[in-house]
Amino acid sequence: MEFNDGRFVSKEHHELVRSATESADPLSVSPLQISTSPKSPRSPKLKSPKAQGNHVSPGKGSPRSPRSPMSPSKGSPTKGSPSKGSPLKYDRHSHSPRDGRPKKGGSGGKGTWGGLFDTEDNHFLDPRDPNYDSTEEFEHPNARKSTADIYEYKKKATVIVEEYFATDDVVSTANELRELGMPGYNYYFVKKLVSMAMDRHDKEKEMAAVLLSALYADVIDPPQVYRGFCKLVESADDLIVDIPDTVDVLALFIARAVVDDILPPVFLKKQMASLPNDSKGIEVLKRAEKGYLAAPLHAEIIERRWGGSKNKTVEDVKARINNLLIEYVVSGEKKEACRCIKDLQVPFYHHEIVKRALTMAMERCQAEGRLLDLLKEAADEGLINASQVTKGFSRMIDTVDDLSLDIPNARGILQSLISKAASEGWLCASSLKSLSMKPEKASLEDSAAKIFKMKAQSTIQEYFLSGDILEVSSCLESEISNSTSSDELNAIFVKRLITLAMDRKNREKEMASVLLSSLFFPADDVVNGFVMLIESADDTALDNPIVVEDLAMFLARAVVDEVLAPQHLEEIGSQFLGQESIGSKVLQMAKSLLKARLSGERILRCWGGGGSSRPGWAVEDVKDKIGKLLEEYESGGDVREACRCIKELGMPFFHHEVVKKALVNYIEKKNERLWWLLKECFGIGLITMNQMTKGFGRVAEALDDLALDVPDAEKQFICHVDRAKAAGWLDSSFSFTKQGHAKENGTCH
């Protein structure tokens, strides 16, 4: 053993180095650069920690290390002499603190490069390395092999994704992914697919979502999908550099994965707990949870956000469901039927499968057992979840009266099917509405209702083209005058009018609201029409994903137009209990719209305002027109003409301004004609009690300013309040309190 400069070298190792140096073939050894940094093991006196691990190429002026016993003899390659033709140089490798080689024994000591023939098979990734990539560190015994594998997988995965976006071939993509034979890295495919789709058009985003749903469980294991989305959320801060709308797009991908049942809802909370509060990943998860998954009818909205289930219409899906059920009844192959149901990729619409299977079972008694077996199998496997099963049975209960026309004992058969499903454990019968064995007494014949619906639809479509309200009124009068159930026909017309308008542009929606306010239907009939609309909202949502928003706006507009009173909202809400029901959501949204500042003006103009073709008036223009029509009327105008002008303003929610201006002018000028005008407007229903109350209230608020010009303004106003109460314009409970003035009852002089 030799000791030099405080270090020792074994004789065996010294002999090995010498023999290798002397026998080296200059042609077989590639030239390797070595370091002559101050931290070189040949320079033990210089111990700068900053130089440790740095690789410095020798050059002009580079410090040379002093001779040591380990230096090769003259004539052999020397360190620090990168002269041309040097056959052998030492390769310096960075070492990790996790390297388990011994520090002693000749080649593993601190500050050394290891033995000459060390192959470095146990190479480990160092997190402190500037080129370190966290995605390349896996739980594999050989890190170098893992790095090579993932590098190869990344290249092939990128090519597969590019080809899929070009061909839209799900089957070929699945086969190519299987051929890679590295299922442990499939989470990277999930990450790559989504991240590439995020930077493309809606078509590619929809394609990516469809592919993930198709590969889930069959090609990509659920834990790999879960891990892939974890990586995406963690890399949100990096993705946003190239994709500015990363938060919204990635949130939508996560929400779509939850809706498609390839990602559990608990994913959101678990990831929130594991991420820093200031990371973009937290924003992504919050947007997915509150912006998408918490919205009414979120499944339908999310499924259609990028263009819907590609090239699928509701009618197409219904036809495919019908075909697969017919084929199943003939073949009896449950596995094939379940595969077809899964291939539909419409989990939010599985209630239609339940409904059609039950209808078929009621129509074909011999197929009842086979169809119930299919539904039980699908429910047990989780293919059709419990809520969709319940929804399908509920829809059957709602339509059992129509089925009774073709199936005489429809109620009894349906009750039997419910009992069988509940006894087998795949239906919660307690969650269904009660099914009475006796049909409800129908006040309107079904045939008459169908005929009226067809005529109403034709009338409404003609109205959307012509805008002729009088023609609609005359058609309705001729149809309803001959019926003893006019209230039901009115409700049916309201439902048909709004249903057709919701499927059209804003112009038709505005025309529908104008027509509804012009027909003067009884409020109860309009209420019943909205109840029918809300009850059928689930079906409407298949064609109109924003049905809740549209219904809320129509309902709020009816209140603004005074077709309905605010208390009618409570009446509608009482028929839809439960915070999660569509009725409750429509009511909540309608109330929010009505509570907003300047809600009347905003709601009136939500679809363009002003009726079928003309734009809505500005508030200042309306005030000016009201002032001018009152001036003309005061100077000898006709009361009917004044009422016609007020009606033509088309702003019934602003009639309180007419009341206010008429009262102020009456107090100032004591012109009795103004009182007659208010009396006429109230008598024909042009100005409602609600608008009267609001108008009188506004005058009460302005009494201080009015008293500057008319000293007895308050006394006159109290007198007018008493007259209005006596005439029925105001409720007997109306009163006002003015600062600095006590409540008092005046008398007219």
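Cβ coordinates are placed from backbone N, Cα and C, and glycine is handled just like the others.
Because TrEMBL annotations are produced automatically, they should be read as predictions rather than curated entries.
Annotation comment: TrEMBL describes 1-127 as region 'Disordered'.
Annotated compositional bias 'Basic and acidic residues' per TrEMBL: 1-17 (among others), in sequence order.
Per TrEMBL, compositional bias 'Low complexity' is recorded for 57-87.
Marked as compositional bias 'Basic and acidic residues' by TrEMBL: 89-102 (among others).
As annotated by TrEMBL, compositional bias 'Gly residues' applies to 105-114.
Across the domain 'MI' (152-273), DSSP assigns 99 helix, 2 strand, 21 coil. According to TrEMBL, the feature domain 'MI' maps to 152-273 (among others).
Residues or ranges marked as domain 'MI' in TrEMBL: 316-437 (among others). When pLDDT is averaged over the domain 'MI' (316-437), the result is 85.
Residues annotated as domain 'MI' in TrEMBL: 451-574 (among others).
The domain 'MI' feature in TrEMBL is assigned to 621-740 (among others).
Ranked by number of Cβ pairs under 8 Å to the domain 'MI' (451-574), the listed stretches 152-273, 316-437, 621-740 are led by 621-740. Secondary structure by DSSP for the domain 'MI' (316-437): 95 helix, 0 strand, 27 coil. Secondary structure counts, DSSP: the domain 'MI' (451-574) has 97 helix, 0 strand, 27 coil.
Remark: secondary structure over the domain 'MI' (621-740) totals 89 helix, 1 strand, 30 coil, with classes taken from DSSP.
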